[in-house]
Structure formats: C-alpha cells, structure tokens
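K.L.:
Feature annotation from Swiss-Prot assigns S-adenosyl-L-methionine binding site to 108, 127, 128, 129, 130, 131, 132; the stated evidence is sequence analysis.
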C-alpha cells in the first residue's frame with residue numbers, strides 16, 4: 001500500500017516509524033510519503049487567508065493543496081479529507097480502506113478549508129463529534145487502524161478478527177500468567193482445555209460487555225439463535 005499525506009506538520013508523524021506500522025514499512029508492505037503543502041504556496045508561503053464574506057478564523061487556500069496534490073505520483077487513489085463534518089470513522093471503514101492500493105490523506109488546520117479543495121476528495125471523514133487542532137492525529141489513527149488489517153502485517157489473521165468491532169461485538173476478557181495474582185484468579189473455564197466451553201464463555205462475555213457498554217452496536221447486529229438465548233439470559237440477570 002502507498003500512502004501520501006498532505007500536511008503542514010510532517011514531523012508529527014514520527015510515531016508511524018514504530019510498532020506495527022513501522023514494521024510494515026520495513027517489510028516493504030507500506031510506503032508512506034509526506035508532502036508539506038506550505039512548500040507549494042505561491043503567496044509568500046502563506047497557506048491560509050481570510051474567508052470571503054467575512055467570518056472568524058482563517059481558511060486553507062486552495063492553490064497550495066492543489067499543487068501539492070498534482071505533484072504526487074498516483075494512479076487511482078482514495079483521497080480522504082479529515083473534516084469534523086465528515087462521516088464518522090469506524091472499523092468497517094478501516095477494513096474497506098485496507099483493500100486499497102493508494103490512499104491520500106489531506107490534513108487540515110486553522111478554521112477550515114476553501115470548499116474547492118473538496119473537488120479532489122473521495123471521502124470526508126471524522127473521528128467523532130469533537131474538534132482537533134488539525135487533521136494529523138486523526139490521519140495517524142486511521143492509518144494505524146487500516147494498516148494492521150493489511151495481509152501479512154500482523155502474523156495471524158485471527159489476531160485482528162477477534163478484536164473489538166471486527167465481529168460487531170466488543171472483545172471478550174483475556175488473561176495470561178500468573179493464574180492467581182493478589183487473589184484475582186483466571187476463570188476456571190479458560191483453564192479447562194474444553195474448546196467448546198471456552199468458545200461459549202467468550203461469546204457470552206463478549207455479548208455481555210457489548211450490552212453493558214455499547215448497546216447501540218446490538219441494534220445493527222444479526223444475532224444467531226445461540227446469541228439470542230445468551231442475550232436473554234444476560235438481560236434477565238441484570239434485572
């Protein structure tokens with residue numbers, strides 16, 4: 001996968017040199033390039049200006065971003081604008097992006113964008129209902145969530161298939177050594193070696209956590225007969 005990032009602050013992306021994303025780059029599975037669009041600004045390197053019609057704050061000018069975009073070697077990229085007014089990012093969207101060969105992220109700053117910048121864009125995306133000072137942190141979050149889904153980046157595909165949201169439910173509790181720590185012990189079922197009972201326990205705990213913490217996820221989740229019975233028991237025990 002090739003990722004190009006248009007930003008005023010390329011130095012903010014140093015975390016992408018480490019951990020899973022960094023290893024993907026070392027393996028040649030991922031190429032990330034940064035483009036400081038200030039370097040393409042014609043007007044005394046000014047990238048922002050006052051909005052026509054008046055108003056608070058400054059807007060990013062169209063020319064520096066267009067020229068930076070035009071300079072990128074690309075074929076048919078998905079172009080993502082980080083915008084608080086965009087569609088909210090989620091796991092399904094990360095899985096969709098992981099199928100792409102080329103991504104371009106445009107990171108904003110200041111009050112907003114000249115609207116004409118959006119003619120370059122295929123997707124306008126937000127992390128949530130809050131405002132950041134720029135799009136860099138949002139871009140890094142999206143890149144991390146996407147890159148880990150690329151085949152061969154994480155050793156076992158099941159490692160991310162069991163993650164919260166990948167299945168539509170929150171992830172079940174997990175434990176490792178020691179068995180007993182300060183009186184807190186690992187559930188006996190996980191020590192039993194009985195694979196079917198472990199599967200059932202994990203599914204039950206996953207449903208329970210989702211019901212308690214993110215019941216909204218269940219509104220769009222297609223329950224199996226087994227899951228319906230488990231959820232009914234969970235609700236009954238809560239009453």
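Glycine is no exception: its Cβ is also placed from the backbone N, Cα and C atoms.
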K.L.:
Given a separation of at least six residues and a C-beta threshold under 8 Å, show me what packs close to residue 130 (S-adenosyl-L-methionine binding site) in the same chain.
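P.N.:
Expected: 84.
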K.L.:
Would you mind listing, in sequence order, the residues at least six apart from residue 127 (S-adenosyl-L-methionine binding site) in the same chain with a Cβ closer than 8 Å to its Cβ?
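P.N.:
Listed in sequence order: 88, 89, 138, 141, 142.
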K.L.:
By Cβ count within 10 Å, point out the most packed of the binding-site residues listed: 108, 128.
P.N.:
108
K.L.:
Rank the binding-site residues 131, 132 by the number of other Cβ atoms within 10 Å of each Cβ and report the first-ranked residue.
P.N.:
132
K.L.:
Taking DSSP three-state, what's residue 127 (S-adenosyl-L-methionine binding site) in: helix, strand or coil?
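P.N.:
The three-state answer is coil.
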K.L.:
Please report the number of other Cβ atoms within 10 Å of the Cβ of residue 129 (S-adenosyl-L-methionine binding site).
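P.N.:
For residue 129 (S-adenosyl-L-methionine binding site), the count of other Cβ atoms within 10 Å is 7.
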